[in-house]
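Copied from TrEMBL, the annotated features are:
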ACT_SITE  255  active site
TRANSMEM  12-43  transmembrane segment
TRANSMEM  123-153  transmembrane segment
TRANSMEM  165-184  transmembrane segment
TRANSMEM  234-254  transmembrane segment
TRANSMEM  296-313  transmembrane segment
């Protein structure tokens, strides 16, 4: 059953991802949105399967005639096998499954902290913020970014175009960040009553790249920690280094695949920067909690995000609209 589950997950994920990648008529904004939805549902389905697998194992163990509860018995997911199996198999119903799809989280649990009250003013305010933010990003793309892209066709030197990307790209990135990790999740949380709304932490105060990776995207971080790092560490008996390495490789490949499907080209720009972070982890460990570490991190934000966006957009324009790639270097 476990093998078939992974097989079906992979077939569905890669099949629909390939359809988006191979399409010549779908706009880049539509590809980004569709693949983003595929990733969300893949994470949710994978977490739903893995958590109920562990709930079932704990429940079957508790039903054994010679079972004796062990105090302090921990699992990769919760502390205490008894609490883990408290609601299984009663949680296997359509209502529980539907609510998990609506809740703004990638990691499944048999229960979540919920709020009974709904604030429709908050719902309206979040919708308004999403509308204003998306329109703001659209205006920036139309009035600033696209004219800069047009300079590629005119053969303008890279060093003349690149510095002009900082402001529009960083504004678009952070506005998009708050739409994805603040406005939209809080909208879904308000509608579904989801009470845990810590979708990101103070990543702007990060002094190391590993601290940033833990704080800026709590949804994906919790998913990777629970279903990759802890699973390989405890279930498959890997060492700490092996578990970290496997988690890092999956994260890097997934981010690269997201950009490859969106821009229709495998360039590995982002992956190369992520690999460099492995070396920076050791260097930045000495700068943890220092102002210098935060300054270097912000330099990496400004240069890294801008350079990745510049290279992927340039390649997309070059090889999509000028077949064979004829831009001057």
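Keep in mind that glycine also has a Cβ here, set from the backbone N, Cα and C atoms.
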Cβ contacts under 8 Å made by the transmembrane segment (12-43) with residues that lie 6+ beyond its boundaries: 101, 106, 220, 223, 254, 257-258, 260-264, 316
For the residue listed as 'active site', the three-state class that DSSP assigns: helix
Long-range neighbours of the transmembrane segment (165-184), counting only residues six or more past its ends (CB under 8 A): 104, 126, 129-130, 133-134, 136-137, 140-141, 144-145, 148, 199-200, 216-217, 219, 301-302, 305-306, 309-310
Protein Cβ atoms within 10 Å of residue 255 (active site), excluding its own: 15
